[in-house]
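Worksheet: one structure, shown below.
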Amino acid sequence: MSQYVPLLVALPLIAAFAMPLVGMLGKTIRNSLAIIAMAGTVTAALLLVYEVLVNGTIIYAFGAFDPSLAIPFDSGGVPIRILFVIDAMSAFMVLTAAIMMFAVVLYSLSSESEQTGQDGYYALLFLMMVGIFGMVTTGDLFNFFVFLEINSLAGAALAAYRINKGLSVEGGLKYAFISTIAGLFFLFAIGMLYGQYNSLNIAYIASVIDLTGLSLVALVLMITSLAMKAGSVPMHFWTPDTYSSAPSSITAILIVSSMASLYAIFRVAFSLYGVTMNVVTIGWIIIILGILSMFIGVSMALPQKDVKRLMAYHSVSQIGYMLVGLGVGVAVLGDTQMMNEFGLVAMEGGIFHIINYALYKGLLFLIAGAVIYRCGTRNLNELGGLGHSMKWTMGFFIIAALAIAGIPPFNGFASKILIYESVFIFNPYISVIAMVVSIMTLASFVKVFHSMFMGPKLPQYAEVKEVPLPMLIGMGLLAALIILFGLFPDLVVNLLIEPAALAFIDQSGYISSVMGGI
Amino acid sequence: MQMSRIVRTTADIAFPFILVYGFYIIIHGHLTPGGGFQGGAILASAMLLLLLAYRYHESIRHVRKTMMKTLESGGLLLFAFTALSAMALGAGYFYNWLSPGGVLFGDIVEVGSALANLNTAGLIPIMNLAVGIEVVGAVSVILLALLSGIKEKI
């Protein structure tokens, strides 16, 4: 039994609720509360991850005297309480979210310091973290829906938080619409499963599921809605508007929340349905979504002039890599030989890319925020010569840009090579497309680098200074992790990624962790 | 705009009754239909009655935004800490440690068609109360925000 599981949700929740009250007492006290709550949550998350890696899957039943008891004695062998199931994959997502939360809260302390309405900002930020932590840890479908909604509402409100002559409101409204539609689709799907199997628990449904027509419709609805939330291609149209108009620190968190949706796609595919569905068809559908996302995302990114829109299109393109990597894993699920030969490596690449993507994309958006914070414009044609005055920011940008383009020794290379090599055995063409996309990514970031930092010092930016220290610390942490993950990828893969991939494949292990040895 | 004397007097008379009814719904949440959210909404409708019957500038002296925000946060915090309190006793989050046998709301529910006993259900009435406080605060803040756009000649 671990006491850290509820703290993951309870601490940010209490911080969010207390924020409007504490905000009345003054700025310093509110900021210290934000730091304390963030530190507490991150500590709880790290301790939880450590515990999962040492002891294996942790179950937490809410409302029970003994939370490790998933099935009460008088329930007839059915888990009736809300359960949190934290296996290695969930722990990995918790770690990703915790790192990003740490960086973003530190960054926000400076970047938002001159703005109004900070009480609401921090309250919503913590609510969003509640949503993300809940989504990646819960073992209950309806509970997942609730956290999805918390996350979506807080995200939409935050995306529209700085009204910015109506531009941000448009972005926020789009996000709200998409999230609501996705949420409703997901709710329909839950209803279909609940009607058939009389339970909402993922592990219990997985133990009794068979592929009726209704379950198939539910699967399609779930994958569609979550792919919509993750921003994969046919449903990607909200990402450029929302990512570019939200405050930069919030965009970094929106990235994590799209990762949580991506995680849920594969939680549904691997743990809920597993081999009952037609894995080859579903796998190929996910792979095709991934290829389309990769290619369309990057080709839309090339002509952009707004730095944040450009990065938003790149995030569509990067989502494609994860969909391809994990999609290959879905396609060969149940075939032990192919899984051992390349499927597992492809999945490891996809999962490794999740944390790498969150790190370098988060960093890129924070850098864009830093440039906007000092220069007040996002237009690449107007920017220039910042390399003279913002040296640290430029250094971080070089690291992040090389990482996203997949250049060694940065972390993007480590996960992309895993995907290239394994997917090449599965189907060489996909691998070639992925490499071409990577080159196009490099091309577009060379353009950004040149137009933002190179050239002579421009007269209108003569007064521009380096950004304040908390912002640099937030960015520096992410940059340091990018280099570390790039230099010692085998360590990370062995410690975190491989258990996570194995946890996804091992559906019976997931079921028996909740249902006992049935 | 100020409503007529008839409306204002009716509002004055109805106000305490609506409050009592709202509290009734909240505190009987574990026995009858309704509960924290519904009762809180009824309480907020009493606030709306005041806001509509009197001038906006007059009524906000009684229905203050700071107070409503405090109620909102306070209710939510009460809820979260009630859930957390079980962990201090070594049980799981949200464990209902007051029922059965607690000091408050601790009676054991009788089986069969007995009269409903208010003094049961442990933490659930406390959480209903917390939700009620939260909802009256939140809905009132929304109402105040909606009405704050009114421009009138005094």
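Cβ from N, Cα, C; glycine included.
Please treat TrEMBL annotations as automatic predictions, because they have not gone through curation.
Small disclaimer: the values here were computed from a predicted structure and weren't measured.
Among the features that TrEMBL reports, transmembrane segment is placed at A:33-62 (among others). Within the same chain, residues 1-2, 4-8, 11-12, 14-15, 18-19, 22, 68-70, 79, 81-88, 90-92, 94-95, 97-98, 101-102, 105-106, 108-109, 122, 126, 129, 133, 139, 495-496, 499, 503, 509-510, 513-514 sit at least 6 positions outside the transmembrane segment (A:33-62) and bring their C-beta atoms closer than 8 Å to a C-beta of that stretch.
The annotation transmembrane segment is assigned in TrEMBL to A:82-109 (among others). Tertiary neighbourhood of the transmembrane segment (A:82-109): same-chain residues 5-6, 8, 31, 34-35, 38, 41-42, 45-46, 48-49, 52-53, 56-63, 70, 121-122, 125, 129, 132-133, 136-140, 143, 201-203, 249, 252-253, 255-256, 259-260, 263, 267, 351, 354-355, 358-359, 362, 366, 369, 470-471, 473-475, 477-478, 481, 496-497, 499-504, 509-510, 513-514, selected by CB-CB distance under 8 Å and a gap of 6+ residues from either end.
Here TrEMBL flags A:139-440 as domain 'NADH:quinone oxidoreductase/Mrp antiporter transmembrane'.
If you look up TrEMBL, you'll see A:144-163 (among others) marked as transmembrane segment. Tertiary neighbourhood of the transmembrane segment (A:144-163): same-chain residues 115, 117, 120-121, 124-125, 127-128, 130-132, 134-135, 138, 169, 171-173, 175-176, 179-180, 182-183, 186-187, 190, 229, 242, 245-247, 250, 253-254, 257, 260-261, 264, selected by CB-CB distance under 8 Å and a gap of 6+ residues from either end.
Here the transmembrane segment (A:175-196) has Cβ contacts under 8 Å with residues 141-142, 144-145, 148-149, 152-153, 155-156, 159, 205, 209, 212, 214-215, 217-219, 221-222, 224-226, 228-229, 235, 238, 242, 254 of the same chain, all six or more residues outside its ends. According to TrEMBL, the transmembrane segment annotation covers A:175-196 (among others).
Same-chain residues lying 6 or more positions outside the transmembrane segment (A:202-228) and placing a CB less than 8 Å from one of its CB atoms are 78-79, 83, 85, 139-141, 178, 181-186, 188-190, 192-193, 195-196, 235, 261-262, 264-265, 267-269, 271-274, 276-278, 282, 285-286, 289, 507, 510-511, 513-515, 518. The transmembrane segment annotation in TrEMBL covers A:202-228 (among others).
Marked as transmembrane segment by TrEMBL: A:249-270 (among others). Residues 89, 93, 96-97, 100-101, 103-104, 107-108, 111-112, 125, 128-129, 131-132, 135-136, 144, 148, 151, 155, 158-159, 161, 175, 202, 219, 222-223, 226-227, 229-231, 242-243, 277, 282, 286, 308, 312, 315, 319, 322-323, 326, 329-330, 333, 354, 357-358, 361-362, 365-366, 369, 504-505, 507 of the same chain lie 6 or more positions beyond the ends of the transmembrane segment (A:249-270) yet place their CB under 8 Å from a CB of it.
For the transmembrane segment (A:282-303), the list of distant contacts is 219, 223, 227, 232-234, 236, 240, 265, 269, 273, 310-311, 313-324, 326-333, 430, 433-434, 437, 440-441, 443-444, 447: same-chain residues at least six beyond its ends, Cβ to Cβ under 8 Å. According to TrEMBL, the transmembrane segment annotation covers A:282-303 (among others).
Per TrEMBL, transmembrane segment is recorded for A:315-334 (among others).
Through the fold, the transmembrane segment (A:354-373) approaches residues 92-93, 95-96, 99-100, 103-104, 107, 111, 243, 247-249, 251-252, 255-256, 259, 262-263, 307-308, 311, 314-315, 318-319, 321-322, 383, 386, 390, 393, 396-397, 399-401, 403-404, 410-412, 414-415, 452, 467, 471, 474-475, 478-479, 481-482, 485, 496 of its own chain, all at least 6 residues removed from its boundaries and within a Cβ separation under 8 Å. Sequence annotations record features per position, and here TrEMBL assigns transmembrane segment to A:354-373 (among others).
The annotation transmembrane segment is assigned in TrEMBL to A:394-414 (among others).
The transmembrane segment annotation in TrEMBL covers A:426-446 (among others).
Residues annotated as transmembrane segment in TrEMBL: A:467-488 (among others).
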Cβ-Cβ under 8 Å with the transmembrane segment (A:394-414): same-chain residues at least 6 beyond its ends: 314, 318, 352-353, 356, 359-361, 363-364, 367, 386-387, 438-439, 441-442, 445-446, 448-449, 452-453, 475-476, 478-479, 481-483, 485-487, 489, 492-493
